[in-house]
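Participant: Mind having a look at this structure? Questions to follow.
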Amino acid sequence: MGKGKLYQTLTAVASAFGSLIMGMLYVWPSYTVSLFKSENTTILSEPMSSTEVSLLGSLPSLGAMLGTALAGPLIETFGRKLGGLAITLPYVLAWAIIAVSKSSTPILAARFISGISGGGNLVYAPIFISEVAEDSIRGSLASATIAFYGIGALTSYLLGWFFTYNNIIWLNLVVSVIGCGLLLIVAESPVYLLKKNREEDARISLAIYRGAPAKSMLIEEELSRLKHQICPVYEMVSITEKSEETEKEKLDAENLNFGPPQRKSGFKTLMTSPTSRRAFLVVSTVITMQVLMGIVPVQVYAKHVFTHADPGKADLYSVIFAVVLVAGSFVTGAIADKAGRRILIITSSAMVCICMSSLGFLLQTRLAPSWVTVAMIFVYCFCFMFGAGSIPYVLLAEVFSSEVQAVASSIIIEWVWFLNFVVLAAFTWLNEIIGIHGIFYIFAFNACINAFLSFFFLPETKGLSNMQIQEIFSRNRRK
């Protein structure tokens with residue numbers, strides 16, 4: 001791996017590290033609720049009520065909705081590096097509050113605060129990664145956001161097994177501080193620097209991320225390409241790969257003025273640009289169907305299913321579940337830039353359809369022993385993560401122009417948090433009406449729809465530059 005790609009990987013790790021902290025954050029209540037509810041608790045001054053326990057799990061999602069709304073303005077105003085640092089700092093504050101708290105109220109407030117970081121991270125990390133990664137490894141690096149969430153969940157399960165309550169709190173605090181520290185050692189995004197008319201700084205940043213001299217032809221050509229990418233006239237220019245046009249494009253780019261007066265706001269561009277609207281429709285549809293394929297309620301209620309199957313091994317199954325999440329995410333990272341985005345989503349969705357249909361049938365008929373159901377949940381989880389669960393966030397990172405990236409990502413992630421809330425709220429109600437098997441049949445149907453829509457409407461973006469992706473959507477065709 002060259003020096004440039006190594007630095008790109010470091011930046012991807014630094015950006016996605018917030019997802020690792022988020023994974024630890026969301027799993028933490030699974031093994032602390034019993035301590036908080038106990039009448040003999042020594043951790044709190046008095047036991048948590050049922051309402052407080054419910055808030056312990058749900059408040060991070062409310063905080064995430066606020067964090068999602070704040071992330072775009074922060075990274076557009078202060079940059080990807082400092083904006084990302086501002087988004088990560090609430091993690092540190094939250095765990096510090098929990099570490100010194102002896103009552104429910106500050107702990108619940110800390111959970112809300114930590115959710116601000118969780119929601120903001122899902123917006124800024126894909127943007128930062130996509131702006132510094134080369135086209136050849138962009139898919140692998142962009143999938144780090146989801147992979148690190150799984151690593152965080154696995155880490156938290158293991159901490160709950162082997163460490164005491166106080167030790168776990170301090171370890172989470174240390175990990176949060178490390179997350180902030182990592183962002184201090186990476187270079188700012190060249191795209192952000194160009195948007196702020198800091199061309200020389202952008203040149204230096206690009207040289208770091210490409211491992212090449214700042215005055216080299218490679219840097220000059222990519223700087224020219226980034227200028228065209230940032231300029232909103234991309235929809236009026238036919239994008240080609242003909243090498244003989246490189247010099248002309250560079251000269252044209254040098255004469256462009258990138259000052260704020262010549263650019264529309266991101267939201268206005270998103271609303272008025274046919275290319276951006278098509279990209280937004282495709283990505284929001286794929287991510288919506290991903291949520292409706294059931295991974296969130298399956299995660300939430302998996303331990304209940306595991307306890308029913310084998311009460312003595314429920315904790316072990318939970319750890320295996322997290323390992324499967326990580327494995328599926330890493331498979332995506334390994335093959336996303338080889339197999340392609342489109343084929344992975346189609347294949348993954350089709351396999352999820354089969355798994356969910358099988359699970360529904362097994363739970364309805366009780367024909368198989370409980371361990372078969374557990375195994376099928378693991379298979380479903382892996383099939384979901386290696387394509388349908390991870391690739392939509394790769395698309396989120398690469399299909400939008402820099403003009404609309406922040407606002408489009410914020411809107412879509414905000415929608416994801418809201419939809420997750422609705423799905424979880426409806427899960428219990430539907431379970432009483434049609435049973436758990438009926439819900440799994442619905443998830444199977446949604447997976448089938450996702451495979452169908454992806455086959456007919458999702459373009460392949462593997463290995464394409466942002467300008468080439470814009471051309472695909474501007475022509476409204478598949479590649």
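Yeah, the Cβs are placed from backbone N, Cα and C, and that goes for glycine too.
Okay, these came from TrEMBL:
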DOMAIN    11-462  domain 'Major facilitator superfamily (MFS) profile'
TRANSMEM  7-28  transmembrane segment
TRANSMEM  55-75  transmembrane segment
TRANSMEM  82-101  transmembrane segment
TRANSMEM  107-129  transmembrane segment
TRANSMEM  141-163  transmembrane segment
TRANSMEM  169-194  transmembrane segment
TRANSMEM  279-296  transmembrane segment
TRANSMEM  316-336  transmembrane segment
TRANSMEM  343-364  transmembrane segment
TRANSMEM  370-395  transmembrane segment
TRANSMEM  407-430  transmembrane segment
TRANSMEM  436-458  transmembrane segment
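A description of the local structural setting of each listed feature is requested, covering burial, neighbours and distances.
Facilitator: Here the transmembrane segment (55-75) has long-range neighbours at 25-26, 29, 33, 36, 48, 83-84, 86-87, 90, 107-108, 111-124, 127-128, 192, 266, 406-407, 409-410, 413-414, 417-418, 420-421, meaning same-chain residues at least 6 beyond its ends whose C-beta is under 8 angstroms from one of its own.
Here the transmembrane segment (82-101) has Cβ contacts under 8 Å with residues 14-15, 17-18, 21, 25, 67, 70-71, 74-76, 107, 109-111, 113-114, 116-117, 120-121, 124-125, 128, 166, 169-170, 172-173, 176-177, 179-180, 183-184 of the same chain, all six or more residues outside its ends.
Counting only same-chain residues 6+ beyond the ends of the transmembrane segment (107-129), those with a CB under 8 A from a CB of the stretch are 11-12, 15-16, 18-19, 21-22, 25-26, 44, 52, 55-56, 59-68, 70-72, 74-75, 80-81, 83-84, 87-91, 93-95, 97-98, 101, 138, 141-142, 144-145, 189, 393-394, 396-397, 405-406, 409-410, 413, 416-417.
Panel annotation: around the transmembrane segment (141-163), residues 8-9, 12-13, 15-17, 19-28, 30-32, 121-122, 125-126, 129-130, 133, 171, 315, 318-319, 322-323, 325-326, 328-330, 332-333, 336, 385, 389-391, 393-394, 397-398 of the same chain, lying at least six beyond its termini, place a Cβ under 8 Å from a Cβ of the stretch.
With a cut-off of 8 Å between Cβ atoms, the residues of this chain six or more beyond the transmembrane segment (279-296) that come close are 270, 345, 349, 352, 356, 381, 384, 388-389, 391-393, 395-396, 399-400, 404, 408, 411-412, 415-416, 419-420, 423-424, 439-440, 442-443, 446-447, 449-450, 453-454, 457-459, 469-470, 473.
Under 8 Å from some Cβ of the transmembrane segment (370-395) lie the Cβ atoms of residues 122, 126, 138-139, 142-143, 145-147, 150, 282-283, 286-287, 289-290, 293, 295, 298, 302, 305-306, 308-310, 317, 320-321, 324-325, 327-329, 331-333, 335-336, 341, 344-349, 351-352, 355-356, 358-359, 362-363, 447, 450, 461, all in the same chain and six or more residues away from its ends.
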Participant: State, in range form, which of 7-28, 169-194, 316-336, 343-364, 436-458 has the highest count of Cβ pairs under 8 Å to the transmembrane segment (407-430).
Facilitator: 436-458
Participant: To what whole number does the mean pLDDT across the domain 'Major facilitator superfamily (MFS) profile' (11-462) round?
Facilitator: 84
Participant: Can you work out which residues elsewhere in the same chain, 6+ from the ends of the transmembrane segment (343-364), have a Cβ less than 8 Å from its Cβ atoms?
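Facilitator: Apart from its flanks, the transmembrane segment (343-364) reaches 286, 289, 293-294, 332, 335-336, 372-373, 376-377, 379-380, 383-384, 386-389, 391-392, 435-441, 443-445, 447-448, 450-451, 454-455, 458, 460.
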Participant: Counting only CB pairs under 8 A, let me know which of 169-194, 316-336, 436-458 has the most with the transmembrane segment (7-28).
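Facilitator: Looking at each of 169-194, 316-336, 436-458 in turn, the most contacts to the transmembrane segment (7-28) are made by 169-194.
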Participant: What same-chain residues lie close to the transmembrane segment (436-458): Cβ under 8 Å, and 6 or more beyond its ends?
Facilitator: 282, 285-286, 289-290, 292-294, 297, 341-342, 345-346, 349-350, 352-357, 359-361, 363-364, 388, 427, 430, 478
